[in-house]
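Noted in TrEMBL for the protein shown:
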- His148: active site (ACT_SITE)
- Glu252: active site (ACT_SITE)
- Arg52, Gln70, Arg75: substrate binding site (BINDING)
Amino acid sequence: MAATSVVVLDRGNNTTCTINLHGATVVSWRVNNQEQLFVSKQAIFDGKKAIRGGIPFVFPQFGPWSFGPQHGFGRIIRWNIEKAPERLASGDVEAIFSLMDSDFSRSMWNFQFRLTYRLILREKELHFNIAVFNPSKDLTFSFNMLLHTYFKVPDVRRCQITGLQGCTFVDKTRDGAVYQETRDVVTINEWTDRIYQNTSQEHIITNVVSGRKMRIQKYNFPDTVIWNPWLDRAKDMSDFGDDEYPNMVCVEAGHVSSPVILLPGTAFEASQILQVM
Ligand code: TA6
């Protein structure tokens, strides 16, 4: 019997959250039966490739990595169920996933680590609480971490994203040149791939599913990546439909502009709250 690979949090009223243990990737978040996340119709679920959509877990590296795959191994490794879904007194549903070093991870990144990833499904919110622990007695390690969230939208050209004004950003569509955001809301009408630094703790994305707003609150994730591949790069991805780019926007909370430096015996915690408004 194949071990389970998918965990479902069911809060009732067709509000659910589905996690694939491959990368602890949240692959669905339905609020009153409305899907909030984008997963490509061409996503590959072979237990090897990162799932194209949902919320891939980027760790210990954001971007290209000389020791292993782009965006690190967190999103392409099988996580453990630390705590199966449990209904809390509040009516919310909680589950905890965990990852620790292995021969596979140490072959790329020779450090011991413990990662716990707690998800809480509330009526119209999804809470993420993450802890990274360094169990070593003498080794310090540094890492990036980012939740690579693909939001489902009717038409990305109608979305506005707040919380970026005045922020410095690295523009990966312009050879990594650095600019400052002057707009109070960011819109997307072309290939967009930007690492905004020291952004607001809160972003609002307008015109998500059902014309609603999505509120993102983040703690200890100082940066925000905004990505849409647009047509040409959509065509370059075999696990992404050529016609899918208008229906998604990535707004990614992360600690990527500078690494987290974790001393022996200490832990780093970060969290995110997504709320349908
Ligand atoms: O988060 C934006 C980004 O870094 C883009 O540069 C693009 O590479 C995207 O991630 C997807 O990366 P992937 O390795 O999943 O194809």
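For all residues, glycine too, the Cβ spot is worked out from N, Cα and C.
What TrEMBL says about a protein is an automatic prediction, not a curated fact.
Between Arg75 (substrate binding site) and His148 (active site), the C-alpha separation comes to 10 Å. In this structure, the binding-site residues that sit close to ligand 1, with a C-beta under 6 angstroms from any of its atoms, are Gln70, chosen from Arg52, Gln70, Arg75.
Other than the site residues Arg52, Gln70, Arg75, same-chain residues with C-beta atoms no more than 8 angstroms from the centre of those residues' C-beta atoms, the substrate site, are Gly23, Lys49, Ala50, Ile51, Pro56, Val58, Pro69, His71, Ile76, His148. The full span of the recorded substrate binding residues, Arg52, Gln70, Arg75, taken as their largest Cα to Cα distance, is 14 Å. The DSSP secondary structure for Glu252 (active site) is strand. Ranking the recorded positions Arg52, Gln70, Glu252 by Cα distance from His148 (active site) puts Glu252 first.
Arg75 (substrate binding site) falls within a helix when secondary structure is assigned with DSSP. Distance noted between the C-alpha atoms of Gln70 (substrate binding site) and Glu252 (active site) is 16 Å.
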